[in-house]
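All remarks here apply to the structure that follows.
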């Protein structure tokens, strides 16, 4: 799971309303400073030092998001952290050169924006490329976990991971999304004035960095980041010495007793998830805990008692015809229910907005923005329109890349017919526009939900023999096309508010995407070879690989693939997901804001409760910090959380190299009953 899937991105963002963002953007002092500031040409906004910094940040965060994808699948938004690191890296570099008496190019907000865009595009491939979901769902282990004898899961319907074909798949699908809506960027950003709240919040952050007060605050954030990065890295290094065997170390510490530990209720000292909990909202973290209590505390023990009644007593713990089948399909019901509601919600909001805009135009009642437009807005629009991107380039590139995909993808996957790819690419512009428009209004990128719909359609269309592979690949095709086009509009909004040229933003996106298509497969294979990825009872569970494959099986076989009484339970949880969302949207805010998020609730159903406890620990830290020192907390929470995530995440790299070299920890720390 990622920031797009969980609440469409908005749920995991640092809460900032568009109105507040625009107020900050329009402050007289900031406006005057920007008016006096020279806006560099677009070629000066894309620098060699910036691309090196973006590559380093992209690699660091690719390692982090890959670890998160292959453990729980829950990924908080890291855009704020990436913008902070981009600022720290370049400001530190320029200060170091100044002390040495070496003249250097000034570090501008435009260069900062391009670096952040490039780095985010790079690590987005790490979690959006499907390494923990639809691509991993193609491998043999996931095929076996889904049940080799399961109807629809036909023999041979798997493809083992490979650096070559994975890189080729990403290269043939990731760039098309950048060109889909390129001719409509002015319509979405300037004419329709869509807010793109996450893009606006990132712009406000970057603009704030490049002020005298922002520079002072950044120094405090640097110290906070480095301190907690060091603590997190050293703690992870220390923990490693005690993991010399199965179920060993602090990761298996029975915090609440051995009985609770058996049901996965323990604090595992994972500072990555403590940091993630500090970034995510309290509602997300409490929803995770509620889902963990409901599933591992109540439902799974009760269903487990029906062994021999509801399902065969001979079924193994990981069999889809046993308890694991209930865990998997009920989780899917929550995800699909939440996705269905939010998909319909965004479509309705989009249609209402288009209708209202059309009605105002028809009545000639449009607000006369041109006469009252602020000088600051006029400057932004002038910069945004100055460096035009030729429309012919977008159309030609889209056609050329589409032809390449139509040829290559059926060669990679014999189950995927060439006309499946053509249909996906013909529908992409319309679907991409709907998604980008809805994202601009609601901050909910529905790319993953479009992908799930495509999964069911292609799986059912391809039939029993080819359906699973065709569904998973079709899901990846549509998701990449729709997701990336909306992300690009987010970045254009950020560039519009930071006076950054659309050309330099597009170059940053293209370079970052190219970096990601190379870095992400290499990072994935480092983990895939070093650890037992996909083991449902291990640390590297990669739960969404199995979820996506099981969704494809349902697309092929229908509800006959479900275990006994599972359909009724799935229907109940699907309805719960819809009703919970309805209650949150239509009840008075003082009641609706306490409704749990079904998408967050679903994650612990397969993964376990321990990481939810870690996330809640992070939430508790933020709550207490704001309670006793709110001003300092508002400044340092993002930096401290980023330090905790990066320190623990970076340790994964040397630990995986040690595992590949067959170097094992010297101690196994286990806990057993005293009697």
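Backbone N, Cα and C define each Cβ position, glycine as well.
Features of the protein shown, as given by Swiss-Prot:
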- 1-11: compositional bias 'Gly residues' (COMPBIAS)
- 1-20: region 'Disordered' (REGION)
- 73-93: transmembrane segment (TRANSMEM)
- 118-138: transmembrane segment (TRANSMEM)
- 162-182: transmembrane segment (TRANSMEM)
- 231-251: transmembrane segment (TRANSMEM)
- 283-303: transmembrane segment (TRANSMEM)
- 329-349: transmembrane segment (TRANSMEM)
- 393-413: transmembrane segment (TRANSMEM)
- 421-441: transmembrane segment (TRANSMEM)
- 453-473: transmembrane segment (TRANSMEM)
- 507-527: transmembrane segment (TRANSMEM)
- 567-587: transmembrane segment (TRANSMEM)
- 605-625: transmembrane segment (TRANSMEM)
- Message: Can you work out whether the transmembrane segment (162-182) touches the transmembrane segment (421-441), with the criterion being 3+ CB pairs under 8 Å where the paired residues are 6 or more apart along the chain?
- Response: yes
- Might you confirm whether the transmembrane segment (453-473) is in contact with the transmembrane segment (283-303), defined here as three or more C-beta pairs under 8 A between residues 6 or more apart in sequence? no
- Positions on the same chain near the transmembrane segment (605-625), where near means CB under 8 A and six or more residues out: 71-74, 255, 263-268, 270, 273-280, 282, 284-286, 288-289, 291-293, 295-297, 327-328, 330-331, 334, 536, 541, 543, 546-547, 632-633, 637, 641
- Message: Under 8 angstroms for C-beta pairs, at least 3 of them, ignoring pairs fewer than 6 apart in sequence. Is the transmembrane segment (567-587) in contact with the transmembrane segment (329-349) by that rule?
- Response: yes
- Message: Do any residues, 6 or more residues outside the transmembrane segment (453-473), come within under 8 Å Cβ-to-Cβ of it, and if so which ones?
- Response: 134-135, 137-138, 151-154, 157-159, 343, 409, 413, 415-417, 420, 424, 479, 548-549, 551-557
- Message: Should anything in the same chain at least six residues away from the transmembrane segment (421-441) have a Cβ under 8 Å from its Cβ atoms, list it; otherwise answer none.
- Response: 8-9, 176-177, 180-181, 184, 188, 192, 194-196, 346-347, 349-350, 353-354, 402, 405-406, 409-410, 447, 450, 454, 474, 477-478, 481-483, 485-486, 489-490, 493
- Query: Where else in the chain does the transmembrane segment (507-527) make close Cβ contacts, counting only residues six or more beyond its ends and a cut-off under 8 Å?
  - Reply: 42, 46, 51, 54-55, 58-59, 62-63, 66-67, 70, 114-115, 117-126, 129, 131, 161, 163, 166-167, 170-171, 174-175, 178, 484, 488, 491, 533, 540, 652-653, 656-657, 660
